[in-house]
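Visitor: Features from TrEMBL:
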BINDING   His169, His234, His305, His511  Fe cation binding site
Amino acid sequence: IEPVSLMSPALIGGFFPTSKIPAWLQGTLLRNGPGMHTVGDTRYNHWFDGLALLHSFTIRDGEVYYRSKYLRSDTYIANIEANRIVVSEFGTMAYPDPCKNIFSKAFSYLSHTIPDFTDNCLINIMRCGEDFYATTETNYIRKINPQTLETLEKVDYRKYVAVNLATSHPHYDAAGNVLNVGTSIVDKGKTKYVIFKIPATVRGGRKEGRSPLKDTEVFCSIAARSLLSPSYYHSFGVTENYIIFLEQPFKLDILKMATAYIRGVSWASCLAFHREDKTHVHIIDRRTRKPVLTKYYTDPMVVFHHVNAYEEDGCLLFDVIAYEDSSLYQLFYLANLNKDFEENSRLTSMPTLKRFALPLHVDKNAEVGSNLIKLSSTTARALKEKDDQVYCQSELLYEGLELPRINYAHNGKPYRYVFAAGVQWSPIPTKIIKYDILTKSSLAWGEAHCWPAEPLFVPTPGAKDEDDGIILSAIVSTDPQKPPFLLVLEARTFTELARASVDVEMHLDIHGLFIPDAGWDPGKQAPSQEEPTPRT
């Protein structure tokens, strides 16, 4: 590992006055995403199926060190040893023995009805106490060494909580406790969404070899509206006192999934958007660990990323990136990712930053059809309907955002700024956007032939202002003459401070986190509220 060159932007065509990384910025930006899509003569069908590639930028004393390594998952090892794809991914069904006839496949059918999913953890990095895990959306996570990127033990959530699927976007409280959501498929005759909590520390102190995962507890569960068609979801929202879960009409057909192996189709083919259905909004009270009784719903939509949520004057406000359909997933099939992708790939729905407002207490005397939201801070509406249902209409804040991040010290609290990748009708990001919710204004960074990854905010130590800090983003170059680089922006003004050029082929990644060096507090990367005290 050698330090990569810290290049002045002026040397590669920019016009910026400085090229200096702030002295206080010490730590490692750890990223995850798909890196290998071909094994031997076989090829994955979907970009999100690729074998996980971890990479990191370690920033120390003004120098940047780059490292990358494939996650040595059981999936990776099996595929490499066979020199072909032998483990199924969500968009690619694989068979260990391609010579099997239909009768042989039938014998394997029963073991694939509720499949043993892949441990190809390519989506995000989760911190759990002192440990770090590469995560995906199955029941498996892989512990990793964040310094060396070495792959360590394989963890099955099912040993600690009954879930077959789980998000890669957990939330953290100030103590470092992890809150996440998973789906339990037809367990004891029920399909439900399980909210579970992993403590940051082991009860009685950290004993040798004991993981906080062993103390995982079910926080709450929500019965799925359909036993055999649970909703797909990628994230959820939290406030100081509530959890927001969207049961959206983007559904996984369990019966189709149970027969996918024998039919020779992928699990992705079992996902469908039902535009005739509603999006149901479930609110969990974190103090009682029970659902709020009011039934909230909104129009059909697909949400991958919650941005933030908070409480204001008896209302719950939450912001999401919403689509009107599921076309985003379809565009990432590799058959569509050709040289004309940027020109020809068109989303049929633009990702839109929307704000919803829900009344936490509904006036029973309010007229049917009346707007229950009286806040001056939003134009979002919540209309009272019969049978105590509430129909929520969103406020459109901004069009063309994805991969949103915030100053996480404001997670679950009132906030002002969203940092995100700028996209329009194509799903490939071309800019980094800072959106000001208060003034409805924005700043942008962009450069020709550059694809920015998710922008990650790192607060200045001791910062008082929400946008006092640094934005880090790994930039992929589509120009063979321009190397990829780590971009360092001043978050307040979006002025470029520095870029560290990497003389390797770098892949567009998905998600990640920043790990500050030991002994340095970056001003809290976790929300400041503690877990609310349970009440009866």
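Glycine is treated like the rest: Cβ placed from N, Cα and C.
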Visitor: Would you list the other residues of this chain near Fe cation - those whose C-beta lies within 8 angstroms of the C-beta centroid of His169, His234, His305, His511 - in sequence order?
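Guide: Going along the sequence, the neighbours come out as Ile123, Asn124, Thr167, Ser168, Ser235, Phe304, His306.
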Visitor: Can you check which residue among the binding-site residues His234, His305 has the largest number of Cβ atoms within 10 Å of its own?
Guide: His305
Visitor: Who sits close to His169 (Fe cation binding site): which same-chain residues at least 6 apart have their Cβ under 8 Å from its Cβ?
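Guide: The answer is Asn124, His234, Ser235, Phe236, His305, His306, His511.
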